[in-house]
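Lifted from TrEMBL, the feature list:
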BINDING   Gly10, Ala11, Asp12, Gly13, Ala14, Gly15, Lys16, Thr17  ATP binding site
DOMAIN    8-197  domain 'Thymidylate kinase-like'
Amino acid sequence: MTGIFITFEGADGAGKTTQLDMLTTSFQMIGQEVIRTREPGGTVIGEAIRHLLLDPSMGSMGAETEIFLYEAARAQLVREVIKPALLKGQVVLCDRFTDSTMAYQGFGRGLERAMIDPLNDLATGGMKPHRTFLLDLDPQVGLQRLQAKRGADRLEQENLLFHQRVREGFLTIAQKDNNRIKVISADGSAVAVHQAIVESLRELSPTLPFCSTC
Ligand SMILES: Nc1ncnc2c1ncn2[C@@H]1O[C@H](COP(=O)(O)OP(=O)(O)O)[C@@H](O)[C@H]1O
Ligand SMILES: [Mg+2]
């Protein structure tokens, strides 16, 4: 595979979508084709699953049901979108991936963590991102950012303790896999976060510029 697969992780409101926008522009400035996608979603089947997962009227969904839905959406996304794009040499930017499952379903909901890696591997066929950016932010700040933007959805309504467990989970995962996962404080300005991301990616794409329109 000749493409580059980059994932963005971190709480809602941390700035993942903002950074995906900026990084897409950076890659396009050097003529690199970019495929942008998100989890859960990114395929017809995946978007239908996303709708189930984020619908506030689905409040009583069990943690086991939830993890299978995430993995089902992921399996489809990897085979239908991510692998074909990487084979064509494209850059794939994905909003959330396997680390979110470990952080939310494992550390957040308390599912047995030893079971989550094999489920992730089944869904991805063992494929891992070349680089993952963990945008680390106090969950309270993230929620404030989102509430300023729009109403909270089913996952955002979870209590603060849950979000704190998820944050600690992400940091633990990042510590264990610090070659792939770069932790970036999402507290700085969007431009500062972007610059840190681009500088880190120059290892993989040496001529990558900062986004000129950001
Ligand atoms: N570094 C930042 N500092 C302050 N606000 C930000 C920053 N990055 C993004 N935002 C704002 O916070 C909100 C959530 O950002 P978003 O990119 O949608 O986060 P996510 O996709 O991680 O949920 C948006 O209104 C966005 O404009
Ligand atoms: Mg987003």
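Just so it is clear, glycine is given a Cβ too, placed from its N, Cα and C backbone atoms.
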Those binding-site residues in Gly10, Ala11, Asp12, Ala14, Lys16, Thr17 whose CB falls under 6 A of ligand 2, listed in sequence order: Lys16, Thr17
Integer mean pLDDT for the domain 'Thymidylate kinase-like' (8-197): 94
Same-chain residues at least 6 apart in sequence whose Cβ lies under 8 Å from Gly15 (ATP binding site): Leu135, Leu137, Arg145, Ala186, Ala190, Val193
Cβ neighbour count within 10 Å of Ala11 (ATP binding site): 29
Secondary structure of Gly10 (ATP binding site) (DSSP, helix/strand/coil): strand
Nonlocal neighbours by CB distance (under 8 Å) for Gly13 (ATP binding site), same chain, sequence gap 6 or more: Leu137, Val141, Gly142, Leu143, Gln144, Arg145, Leu146
Environment of Gly10, Ala11, Asp12, Gly13, Ala14, Gly15, Lys16, Thr17, the listed ATP site - residues of the same chain whose CB lies within 8 A of the CB centroid: Phe8, Leu135, Leu137, Gly142, Arg145, Ala186
Cβ neighbours of Thr17 (ATP binding site) where a neighbour is any other Cβ within 10 Å: 14
